Amino acid sequence: MATFDLRNTPSVTIPAPVQLRNVVRQFGRQRVIDGLDLDIAAGEFVALLGASGSGKTTLLRTLAGLDSIDSGELRVPVARAAVFQEPRLMPWKSAWKNVVLGLRVNDAKARAHAALTEVGLAHRLNAFPATLSGGEAQRVALARGLVREPKLLLLDEPFAALDALTRIRMHQLIIDLWRKHTPAVLLVTHDVDEAILLADRVIVLADGKIADDIRIDLPRQRDSGQAGFQLIRSRLLGLLGVKGAEPDTAPQASAPDSTFSELRRVASAR
């Protein structure tokens, strides 16, 4: 049997599952995405910030296959799923049937049960959407995405309509599921703190172009009182045009945000 010495074998570079090269999307004369270059690595969590009209949702829809591009090159995994601000559940179908909607497999109910168990809703398997809370409905939508075993998970402001405590619980759930399943994630959000708390990178989009791409090196589990958090926050707010923000000179927080920390403590205890 032949043997091989791999010590001097060059390492193989695995291409990023998401690659955009000079991508353009325009409506009439307006370029909503303007010559965009972007890579998202396997298992990487990226948050996308930007003012209204900056191109965030158009970019997400393009990656989801819901919109086309006018020019450039786009590479995305075939296995991808999207979760939107509205859960988009079929009201006449039970939770488990919503989870496997469009999925043609013999063990559909078993897969739905497994996915709902992962999001803490095994007991709501046969519940109808009208009986679900807002947080429960979003968890069903998340289970619907996970059951497809996506290599790319797209999140379009999925927590925007939730109360503060439910948002924090959903943040932790997303992180737990991301660590377990390791998809690449793109989160579109207007919430700067949310972006810093969850992402490996935060990209700021302006007029269809990347205004900044910031690596978040803060250790997890993150808190707004961590050294460096407020500096990153001020930089992002400055990029978003928030008056009074000083991206390069903002002081770091001297103490944790007590309200935020208390909410996280309560959420973790339940």
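The backbone N, Cα and C atoms fix where each Cβ goes, glycine too.
From the options 7-30, 247-270, the stretch Swiss-Prot describes as region 'Disordered' is 247-270. Cβ neighbours of SER54 (ATP binding site) (same chain, under 8 Å, six or more residues apart in sequence): LEU205, ALA206, ASP207, GLY208. Secondary structure from DSSP puts GLY55 (ATP binding site) in coil. Most Cβ neighbours within 10 Å, among the binding-site residues SER52, THR57: THR57 holds that distinction in the structure as shown.
If you take every residue in the domain 'ABC transporter' (18-232) and average the pLDDT, you get 93. Here the binding-site residues are GLY50, GLY53; the one with the fewest Cβ atoms within 10 Å of its Cβ is GLY53.
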